[in-house]
Amino acid sequence: MKGKLTLEDGSIFTGDLLGDKPACGEVVFNTGMTGYQEILTDPSYCSQIITLTYPMIGNYGTAEKFNQSRNCFANGFITGELCDVGSNWQKESELSEFLKDKGISCLYNVDTRALTRCLRSAGTMKGIITAADAAENECEKLMSIPLDHKTVDRVTTPEKYVLENDGLHIVAMDFGVKRHMLESMHERGCKVTVVPARTSAREILELKPDGIFLSNGPGDPKDVLDIVETIKQLIGKKPVFGICLGHQLIALASGADTYKLKFGHRGSNQPVKDLRTGRVYISSQNHGYAVDEKSLERLPFDITHISMNDGTVEGMHHKTLPLFSVQYHPEASPGPDDNTYLFDEFCAMMKKGAI
Amino acid sequence: MPKKEYLKKVMVIGSGPIIIGQAAEFDYAGSQACRALKEEGLEVVLVNSNPATIMTDTHIADRVYIEPLTVEFLEEIISKERPDGLLATLGGQAGLNLAVQLSEHGVLEKYKVELLGTSLKAIKKAEDRELFKETMQKLGEPIPESKIVETVEDAVKFAGEIGYPIIVRPAYTMGGTGGGIADNDQELVEIVIRGLKYSMIGQVLIERSVAGWKEIEYEVMRDSGDNCITVCNMENFDPVGVHTGDSIVVAPSQTLTDHEYQMLRSASLRIIRELGIEGGCNAQYALDSKTNNYYVIEVNPRVSRSSALASKATGYPIAKVSAKIAIGYTLDEITNAVTQKTKACFEPALDYCVVKFPRWPFDKFVLADHTLGTQMKATGEVMSIDRNFEGAILKAVRSLEIGVHYLSMEHVAEWNDETVLKKLALINDERIFVVAEALRRGIADIDKINEITKIDKWFIRKIKNIIDIEKRIKNEPLTQELLLAAKNKGIADRSIAEIAGKEMLEIRRMRKEMQIMPCYKMVDTCAAEFEAATPYYYSTFHAQEDEVQPSDKRKVVVLGSGPIRIGQGVEFDYCSVHSVWALREMGIEAIIINNNPETVSTDFDISDRLYFEPLTPEDVLNIIDKEKPEGVIVQFGGQTAINLADSLEKAGVKILGTSVDDIDRAEDRERFDELLEETHILRPCGESVTNVADAIKAAENIKYPCVIRPSYVLGGRAMEIVYNEDELRDYMGRAVKVSPEHPVLIDHYMQGREVEVDAICDGTDVVIPGIMEHIERAGIHSGDSIAVYPPQTLSARVIYTIVDYTKRLALGLNVKGLMNVQYVIVDEHVYVIEVNPRSSRTVPFLSKVTDIKMVNVATRAALGHSLKEMGYHSGLVTPKPYVALKAPVFSFAKMQDVDISLGPEMKSTGEVMGIDYHYSRALYKAITGAGMNIPTNGTILFTVADKDKEEMQQLAKAFSELGFNLVATKGTAESIDKMGIAVDIVGKVHESKGDILEMIKAGKINMVINTLTPGKTSAKDGFKIRRSTVEHGIACLTALDTAWQVLRVLSFMRERRLVYTLALQDYVGGGDDLA
């Protein structure tokens, strides 16, 4: 079935529709050439429409082991070619079946480069996926659906759960955590207790963790100011490490500000400079918001990492407290594993001792 | 880390002549590096023996030395120039090996030259098999079980331990020379013997074969601050077993999960860090298609062919960045030249699919073994870009210029099903066409083909997608939907027409009516994430937006020359680049269309706009439709571009320079004869025939010996000399398909002195920058002859006549631009053999030695500027006071079963130049630079044809007087004996124990002088002797003229200082008092 993507500014991109479900969401693009399944199952994309710039997607099918969360929370998926039969020994199902299973509306055979150029110059915006011949009023109605601001609640774990281990005990606040983040800590011998996003500071501290981990997650950090309050109560009590949304929430909790980027950073090739060593690492990123550098100036934070592309803040460390965070994804999946050293740093920080 | 400020002068070593395994990619890398260094204010000293390169242009480096790439010459240059640093990782394996030698000879230390970039230790760690193995074991990176051996016995013993199949790789060679896969003891012994011979250090590695696994490559960069990135990964269509230079390669990888991609990426980073490479590096892996197991196959600690490909595939200039790293910068300090905003410290994201397809010389070397293995055989390659694999592979196929335009070969289509199935199992240059044929006939499905070939099912399925559309085109009406689907899968108009039984122009018209036009997209390193400044484009039908906006400036299209092949090498890329530069100097927007990733012309900052597209009428016309240029220049892109002129003109495109009609007058036999009659110029008598009977009649009239060739040829393709009717019949039946559309030309073969002239004409005046005289008599292809500038033996009268004829021909053909003429001189009479109204192979050589920017002047002439206004007068330019020789270089070691004897069919792959004030030293340099292994003493074997015996006597005498021992076959020996010269008789091949072959094998012969003897057995024996000289690395001269020159060099070597160097700038600028 022929379909189309209509953007808020009226731009239209045509393609073929998989399934017949219309979709609405913020349209973002990711430049990673591999890892479509990891991207699709990254809860940070909740309620967004994901565009992949690499034009041939689905080449190696999908497999359960690559899922990064229990579901696929994106609202839509846009690609160039959608490979009908993938080829890889690990393949369990085709990408098209996977998308159907997860109920993701997919528009393929799209000129994703044209779409990316459009988003790059105009910024990310709302868009709708419909049938090519969808009635105008139907489109208007879809377009008028407000963007979801409760995405964290949709993706966080409903119940607390534990990844048992003998080592350090980490309580991970799940704002939409990617599985490999938890695995990265677990692999380092840590016991990880994953708690729902709205868990109170008291409950968390009662678990007697060695450290607290604040996960990635979808949306604007300012949508969850109540969680910011929780974090305020945790800072200084235990070593804290935050990634992505977790990083932004630490900033807000410390009195800094966040802002929305024009089209965000999404891809597996994002260079980040560690200002402490001068070394540059390639990172996997997925964020639409960033911490305002200026707002950190008068706060007791050192900026530890910046993006080589636009100089935005990618990591920070508290001057005195065992507290640090990064904007990008050291756990990779998808993307390069240049930055796993940050998990080691977190472990070292926890070992160095409680406060 | 900032630049090393103490560096003021840096020496760059080029890769020397083009040979299989080391081609134009190093001119591209070297030129880019030199420009990057100059950009930093460094003085650049460049050494390369290959004049047909952009890097040896005097504006690319401050000091250009076109000298032999040997330690002796390099030391001399170093002592003269005293560079602070040496950059050797951009000159291919040749450059790297030289750096190692310079260091081992203590030259670097003596003159305090810092080796820049990757250290020697790192180079050795990567190149020395044992050290490499240790390093990988330390890292825990898996490598196939292997052992270094120095003897055949050890090889066999180890094979017994690990079992077959086994791969043999010689240490320190390029292009896999001397390697191979063995399935049993006998094969192993054979390959190991050869491998030991080719290895610089007499070692070969024997290892477990992982043939059939996926072959994956990564291009990695590292700086002195230990920042590492991967520029690109690539997946070979052909599984492990085929040399990557002979594999179809796609970028990025297509069938790897993110986990697999990152697993190998991380391994690459670990490896480059452990080796301590500073600059570019290439890592190759074998990945099992059924598990996550992998092996590291090879690491190249330098810029390579793959890095040139990766640069073009991504837009990331690896050579430039490597050069900057070498002088101290770190990746985060280097600007991304494409975006101009971001830094070089990132990993390119592709939003398209790239396919590289090798170009093999099997059209020239018909008898060569077409099997592909670990020894590279391709002379060049094409690259293509599209938004899907189908589009990219089909673009690549039609860029090859092998007479196919989709995945169908005429002779493959004629095979029966059984043959097709049988051929599926063969690994050769036709495999992809056989796979397509099997799918087309439905005689093997995807699973079965995968089982036989081990090619990943993903690729096979993509080919099937193309076949499925082909079937629809064949069976259904050509609706808009179908045409669009066909174009989406990249099927050319010509192929659609052929399959549907229509005309190509009809499809084009239909397509235009239906508004099915390609969109053009940009290669920007970042998948459109950032705005990019690079004008580097490709077409796709699989899109809705054309993002390329034509400018309203005055603009001209220059057609490139496509893949490097025998007969059309890097020289033509040199010309295309210079034409582009000339246009830009004139303020005209220069648009280049080309498909060769190895070249300078496809570097993104050479032209104003680069379209990386096939050079076919459809692809070129689509660009012209879009850009609407003032005209197209075809005279610099070799026969590739010339062949397009006619269809472009018919489509209403203006051809700038010499008109299509005049080109035809030079190429069409009858029209050319008319011209000669009008201009009163003689040529060897000849006729054009369209059938065998006429050919025999013609030959009788003309008199044997005759030169025969099909019309419209380049590089003497299928040209032969025949001495009698039998040979003529044989040729007509074997080498050509004669027909009224494809006439065959028969000329009397005149064994005189051959002369070549390149001239520039504006329609009024004719400038002749120089005349080149060939050392070898006519009959040996001009590309395979040693040529000397200025001529050494021609009388003033002959030179006058040549100049006069050249003027008449240029004016008679209304040449606007370049023209190349070949003459033969017999008894002081000048005959014209051939006129090419386009730039020739000798233009770069002549431009360099005469200091006349021939292509620049010709481009201006083609655009209507007069030679007078450029300051040139009609006639021959006064010759320079020095001598320059151009010597051919062959790649026979890579091509088994190819006869090395020289003839009218071109066989060389590259060339070197020797320049000096003394003829003999220039000759010495040319011969040394060409790598000819001339012995200074020892034994010379003579075995010549009867017709050559008289002349050979004098030659034998002269060699004997120089103290050489002579051996000869019986007939030849008798003839030498008559002169009273001592000679030993040696048994003919298999005549007795201790025959010629055994003597060569035993190292008892140091040079062979052999001329082609007619007759089947003699021919076969001669072939065996010549081949065995190749296998054993000894010089074999197949023309007596060459032998005389070698003699001259040998005499010279005893009398004079051998090593003398001078920069090109000094030669052309007036000389050197010390000379």
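Just so you know, glycine gets a Cβ as well, placed from its N, Cα and C.
Annotated in TrEMBL:
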- B:ARG129, B:ARG169, B:GLY175, B:GLY176, B:ARG208, B:VAL210, B:GLU215, B:GLY241, B:VAL242, B:HIS243, B:GLN284, B:GLU298: ATP 1 binding site (BINDING)
- B:133-327: domain 'ATP-grasp' (DOMAIN)
- B:GLN284, B:GLU298: Mg(2+) 1 binding site (BINDING)
- B:GLN284, B:GLU298: Mn(2+) 1 binding site (BINDING)
- B:GLU298, B:ASN300: Mg(2+) 2 binding site (BINDING)
- B:GLU298, B:ASN300: Mn(2+) 2 binding site (BINDING)
- B:549-931: region 'Carbamoyl phosphate synthetic domain' (REGION)
- B:673-863: domain 'ATP-grasp' (DOMAIN)
- B:ARG709, B:HIS748, B:GLU754, B:GLY779, B:ILE780, B:HIS781, B:SER782, B:GLN822, B:GLU834: ATP 2 binding site (BINDING)
- B:GLN822, B:GLU834: Mn(2+) 3 binding site (BINDING)
- B:GLN822, B:GLU834: Mg(2+) 3 binding site (BINDING)
- B:GLU834, B:ASN836: Mg(2+) 4 binding site (BINDING)
- B:GLU834, B:ASN836: Mn(2+) 4 binding site (BINDING)
- B:932-1075: region 'Allosteric domain' (REGION)
- B:932-1075: domain 'MGS-like' (DOMAIN)
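Feature map: TrEMBL annotations on the structure.
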residue	record	Cβ contacts under 8 Å, 6 or more apart
B:ARG129	ATP 1 binding site	B:SER146, B:ILE148, B:ARG169, B:ALA171, B:GLN203, B:LEU205
B:ARG208	ATP 1 binding site	B:PRO144, B:GLU145, B:SER146, B:ILE162, B:GLY163, B:ILE166, B:ILE167
B:VAL242	ATP 1 binding site	B:GLU215, B:ASN236, B:LEU372, B:GLY373, B:THR374, B:ILE427
B:GLN284	ATP 1 binding site	B:GLU215, B:ILE216, B:GLU217, B:THR244, B:VAL296, B:ILE297, B:GLU298, B:VAL299
B:ASN300	Mg(2+) 2 binding site	B:ALA126, B:CYS281, B:ASN282, B:ALA283, B:SER306
B:ILE780	ATP 2 binding site	B:HIS774, B:LEU902, B:GLY903, B:PRO904, B:ALA1039
B:GLU834	ATP 2 binding site	B:VAL821, B:GLN822
B:ASN836	Mg(2+) 4 binding site	B:ALA666, B:MET819, B:ASN820, B:VAL821
The sparsest Cβ environment within 10 Å, among the binding-site residues B:SER782, B:GLN822, is found at B:GLN822
With DSSP, how much of the domain 'MGS-like' (B:932-1075) is helix, how much strand and how much coil, in residues?
67 helix, 18 strand, 59 coil
Packing count at B:ARG709 (ATP 2 binding site) (other Cβ atoms within 10 Å of its Cβ)
21
Residues that sit under 8 angstroms from B:GLU754 (ATP 2 binding site) by C-beta distance, when 6+ apart in the chain
B:GLU773, B:HIS774, B:GLU776, B:ARG777, B:ALA778, B:SER782, B:SER785, B:GLN822, B:TYR823, B:VAL824, B:ILE825, B:ILE833
Densest Cβ neighbourhood among B:GLU215, B:GLU298 (binding-site residues), 10 Å radius
B:GLU215
Give me the mean pLDDT over the region 'Carbamoyl phosphate synthetic domain' (B:549-931), rounded to a whole number.
93
Quick check: in three-state DSSP terms, what is B:SER782 (ATP 2 binding site)?
helix
How far apart, in Å, are the two Cα atoms that lie farthest from each other among B:ARG709, B:HIS748, B:GLU754, B:GLY779, B:ILE780, B:HIS781, B:SER782, B:GLN822, B:GLU834, the residues recorded as binding ATP 2?
18
Tell me the coarse DSSP state (helix, strand, coil) of B:VAL242 (ATP 1 binding site).
coil
What kind of secondary structure is B:GLU298 (Mg(2+) 1 binding site) part of, going by DSSP in three states?
strand
